[in-house]
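Engineer: Just dropping this structure here.
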Amino acid sequence: MTTILHLDASARVTRSLSRHLSQRFVETWRAHRRDDRVIRRDLAADPPPHVSEAWIAACFTPPQQRDAAMRAALAWSDAAIAELEQADVIVIGTPMYNYGMPSALKAWFDQVIRVGRTFSFDLARGDRPIEPLMRGKMLVVLSARGEFGFAPGGLRAAQNHLDPHLATCTPYIGVAEEAIHTVAIEFQEFGDERHARSRSDADARVLALAVELARLQPDVATELQAAVTSSSVAPASSAAV
Ligand SMILES: Cc1cc2nc3c(=O)[nH]c(=O)nc-3n(C[C@H](O)[C@H](O)[C@H](O)COP(=O)(O)O)c2cc1C
C-alpha cells in the first residue's frame, strides 16, 4: 500500500487552481489504486505555527530532557513529521505568492525539517555537517501562477523562487531532485486564451502523471505475496532485529 500526503496551501478555497490540480491528481491516483491511503493537510485552513524561540530551544534539547512546555512547543511539528514519515508520495498544491511559496507552506517546511528527526548535524563532517535522514519519497508539485514564463529559459525564470526553493528543501524531507514532478498553470492574471490553454495542458499532464506514477507503484497483490513469502522464511529471531 502506498501512502500519499496531500498538502494544499492556497488561501483560495473555491476558485483555487492549485487545489483543483492536486485534487485531480489524488482522485485519479485513487481511481487506479483504491486501497492506497491519503493523509490530508490543508495548510491554509489550519496554518502551521511559526517557529519560535521556545520551539528552537526544545528542538535542541535531547528528547528525554524536554519538559512539558517543550513537548507542547513541538507538538505540531511532531504530528506533521509523523505524517511525513508515513508518506511515500507527497502532493503539494501551491500558488506562487510574491515569486515564492506561500508563508503557510514555508511554515510547514520549517516545522518538519528538524534536527534529529529529518536531518542530522555533525561538525565532524566538515563544511557539510547537515545530512538528510529520510529517503525514497516522491514529490508532486502542482502550482498556479498569475504571470508566466517561470520555466528554465523563460521570461521570468530568474524570478522563480518557488520551484528552486522547493528543490533545495526537499532532500530534507526524503525527496531526491529526480523524484520531483512539477505541473503549473500560468497566465491566471491575464485570463486570456493562453490561460485557458495552460489550464487544459496542465489538466492533461496531471491526469497522465497520476496514471503513470500510480502504475509504477508496486502492485498490492505483489506486496502481499512478498509479505507472505518473507514471513514464511524469516528466522524466528527476526522480530527482535
Ligand atoms: C498574495 C498574492 C501574491 C501573488 N504573487 C504572485 C507572483 O509573485 N507571481 C505570479 O505570477 N502570481 C502571483 N500571484 C497570483 C497567483 O499565483 C495566482 O492567482 C494563482 O492562481 C493562485 O493560486 P490558486 O489559484 O491556487 O489560489 C499572487 C497572488 C496573491 C494572492
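Glycine residues also receive a Cβ, built from the backbone N, Cα and C atoms like all the rest.
Marked as FMN binding site by TrEMBL: Ser10, Ser16, Leu17, Ser18. Per TrEMBL, the feature domain 'Flavodoxin-like fold' maps to 3-203.
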Engineer: Of Ser10, Ser16, Ser18, the binding-site residues given in the record, which has the fewest other CB atoms within 10 A of its CB?
Structural biologist: Ser16
Engineer: Could you please provide the mean pLDDT value for the domain 'Flavodoxin-like fold' (3-203)?
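Structural biologist: Result for the domain 'Flavodoxin-like fold' (3-203): average pLDDT 97.
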Engineer: Residues other than Ser10, Ser16, Leu17, Ser18 within 8 Å, Cβ to Cβ centroid, of the FMN site?
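Structural biologist: Apart from the listed residues, the neighbours are Asp8, Arg12, Arg15, Arg19, His20, Leu21, Gly93, Thr94, Pro95, Ala144.
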Engineer: Tell me, how many other CB atoms lie within 10 A of the CB of Leu17 (FMN binding site), whichever protein chain they belong to?
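Structural biologist: A count of 24.
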